[in-house]
Amino acid sequence: TLIIFVSLPLDTNNRNFLSFEHLFHNHDHLKNFNSWCSLQLISIVMATSNGSCLKVPDIHDNTTIGGGVQDVYGEDRATEDQSVTPWNVSVASGYALLRDPHFNKGLAFTEKERDAHYLRGLLPPTVICQETQVNKMIQNIRQYEVPLQKYIAMMDLQERNERLFYRLLIDHVEELLPIVYTPTVGEACQKYGSIFMRPQGLYISLKEKGRILEVLRNWPEKNVQVIVVTDGERILGLGDLGCHGMGIPVGKLSLYTALGGVRPSSCLPITIDVGTNNEKLLGEELYIGLKHRRATGQEYAELIDEFMTAAKQNYGEKLLIQFEDFANHNAFDLLERYRSTHLVFNDDIQGTASVVLAGIVSALNLVGGNLGDHRFLFFGAGEAGTGIASLIALEISKRTNSPLDEVRKNIWLVDSKGLIVSSRKESLQHFKKPWAHEHEPVEKLVDAVNQIKPTVLIGTSGHGKTFTQEVVEAMASNNEKPIILALSNPTTQSECTAEEAYNWTKGRAIFASGSPFPSVEYDGKVFMPGQSNNAYIFPGFGLGLIMSGTIRVHDDLLLAASEALASQVTQEHYDKGLIYPPFTNIRKISANIAALVAAKAYELGLATRLPQPKNMLNFAESCMYTPTYRNYR
């Protein structure tokens with residue numbers, strides 16, 4: 001029997017002390033100690049600063065705030081004017097504190113903190129505030145002319161000072177979103193081997209088969225609530241990038257925190273490396289992944305299944321697993337296989353669908369009519385295309401009380417072989433078959449536009465410049481205000497540019513794209529192209545699932561997210577031709593999405609956090625992580 005007494009100053013009015021359960025679980029040297037000594041922790045007490053003894057209370061209660069993560073360090077239970085303790089293995093201090101991105105504040109350490117944590121002489125004597133640091137950093141970022149250099153600078157900041165990184169990203173979100181995510185992240189993934197400095201997530205390869213639970217336990221944070229995972233086979237519109245696809249989970253989770261307020265310590269990026277079929281990468285000296293062709297079939301399925309089982313075992317039933325950039329043939333199968341046993345979400349299929357549906361609903365205020373009155377033509381019938389089509393059909397069915405089969409007749413898809421029609425049904429992949437309608441075969445997109453006469457044209461093909469002048473002019477000839485959504489990423493893969501869409505329709509198009517485009521002037525009028533970016537949806541959607549303790553994703557939750565996003569578009573935005581609100585308000589938008597998603601989860605009986613909060617929006621806002629510096633004891 002071993003009794004441990006620790007003498008530490010303690011604010012008895014707040015529970016701001018280290019969880020010893022967390023300490024013994026997290027650190028290898030204590031695990032080793034436990035392996036040779038049968039340690040029975042009968043009583044742990046802490047001596048307060050006045051010499052009295054206080055029994056450590058159980059902090060693993062049902063109260064969960066700060067994006068849903070257990071408040072292990074007592075940080076969220078302290079108000080902003082109260083101090084917290086920068087715990088690491090021990091209290092971080094001195095040089096180690098300056099090298100810890102979770103607690104480093106750079107020149108913002110106060111005089112008192114420099115004395116208390118042995119920082120004297122390790123920093124220049126001046127003290128500056130976080131706001132000044134943000135101004136300095138944005139000026140430094142702007143000095144780089146190449147977007148990839150800005151990306152590298154941002155990733156370096158994230159590894160040095162986590163709170164400053166998120167403060168900078170939040171304060172300058174419209175400027176920096178294209179840097180930390182699409183389109184720049186695509187180039188970063190292509191060159192990941194040459195810019196790789198230190199790992200930012202977990203790499204699970206075929207070498208770890210049979211040991212994945214052990215690998216997950218190597219991750220230092222134990223209260224993970226969101227995993228974004230990819231196998232790198234279909235990165236944006238760039239194809240198979242293998243292990244270099246890690247930039248996508250890292251970027252997505254940065255947005256979960258900055259835009260959705262999910263605590264960074266609860267986020268885990270993972271790449272599952274089963275090889276790559278990219279011959280260029282296989283011959284590249286700096287490629288960081290397995291240098292062999294992709295494993296498929298049973299070997300692939302067994303690895304994924306082991307990962308899913310281990311993740312749920314290690315992190316619990318309410319762990320959100322977001323599948324990202326899997327190839328079509330795996331993406332649909334994985335979502336279908338695990339949606340009834342895990343809390344899973346595929347952003348390419350479901351997130352894209354939700355944000356596009358919100359844009360179309362908003363566009364109705366500009367073109368008039370009901371959703372069921374419109375006819376849709378998709379160029380691209382993969383994950384995004386069929387996912388969007390399915391959610392549109394579901395929403396129309398609910399609004400009109402019509403059967404899904406009947407609703408689908410107004411939604412047409414074109415793939416690489418032309419219009420999807422009934423005569424092709426036997427050769428179609430299963431996810432395309434619901435969209436095979438009676439019609440003669442049509443090979444060219446422009447012919448499909450002229451024959452189907454859609455009011456909405458949606459590009460999800462991953463191929464740039466496919467909305468040609470002929471195609472766009474055909475849309476304009478059939479519609480007074482054609483809705484044209486060129487959604488493929490990155491910018492080079494967009495089906496057309498904003499300038500082309502406005503010029504070829506003589507300024508009549510309602511346009512949005514997947515990657516950002518600058519404003520366009522036509523005939524003396526300035527048009528602000530919208531960006532149908534998944535970042536509108538998945539951060540708030542994830543927060544809503546976490547804060548309500550939701551255990552499964554239902555399609556009605558996606559419809560709720562779309563409704564919440566569409567409701568944030570004001571008349572002022574419509575006057576500018578926008579169908580999405582500006583990203584400057586993204587934290588407010590995410591809170592509203594989280595509130596509506598959580599409310600729907602409670603309505604469907606999928607939420608486990610009880611009692612249900614009375615004011616869901618206030619609760620969502622209270623759960624959001626804020627990267628303001630904290631004072632240290």
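The backbone N, Cα and C atoms fix where each Cβ goes, glycine too.
Pulled from TrEMBL, these are the features on record:
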ACT_SITE  TYR181  active site, proton donor
ACT_SITE  LYS252  active site, proton acceptor
BINDING   ARG234, ASN489, ASN533  (S)-malate binding site
BINDING   GLU324, ASP325, ASP348  divalent metal cation binding site
DOMAIN    158-339  domain 'Malic enzyme N-terminal'
DOMAIN    349-602  domain 'Malic enzyme NAD-binding'
Which has the fewest other Cβ atoms within 10 Å: GLU324, ASP325, ASP348, the binding-site residues listed?
ASP348
Using ASN489 ((S)-malate binding site) as the reference point, find which of the recorded positions LYS252, GLU324, ASP325 has the shortest Cα-to-Cα distance to it.
ASP325
Please report the distance from the Cα of the residue listed as 'active site, proton acceptor' to the Cα of the residue listed as 'active site, proton donor', rounded to the nearest angstrom.
7
Got a sec? Which of these binding-site residues, ASN489, ASN533, has the most Cβ atoms within 10 Å?
ASN533
ARG234 ((S)-malate binding site) and GLU324 (divalent metal cation binding site), Cα-Cα, nearest whole angstrom:
9
What is the interatomic distance between the Cα atoms of ARG234 ((S)-malate binding site) and ASP325 (divalent metal cation binding site), given in whole Å?
5
Greatest C-beta neighbour count within 10 angstroms, which of the recorded positions ARG234, LYS252:
LYS252
Consider the binding-site residues ASP325, ASP348, ASN533 and say which one has the Cα lying nearest the Cα of TYR181 (active site, proton donor).
ASN533
Have a look around TYR181 (active site, proton donor) and count the other CB atoms within 10 A of its CB, chains all included.
26
With an 8 Å cut-off on Cβ distance to the GLU324, ASP325, ASP348 Cβ center, who else from the chain surrounds the divalent metal cation site?
THR230, ARG234, ILE235, ILE248, PHE323, PHE326, ALA331, ASN346, ASP347, GLU383
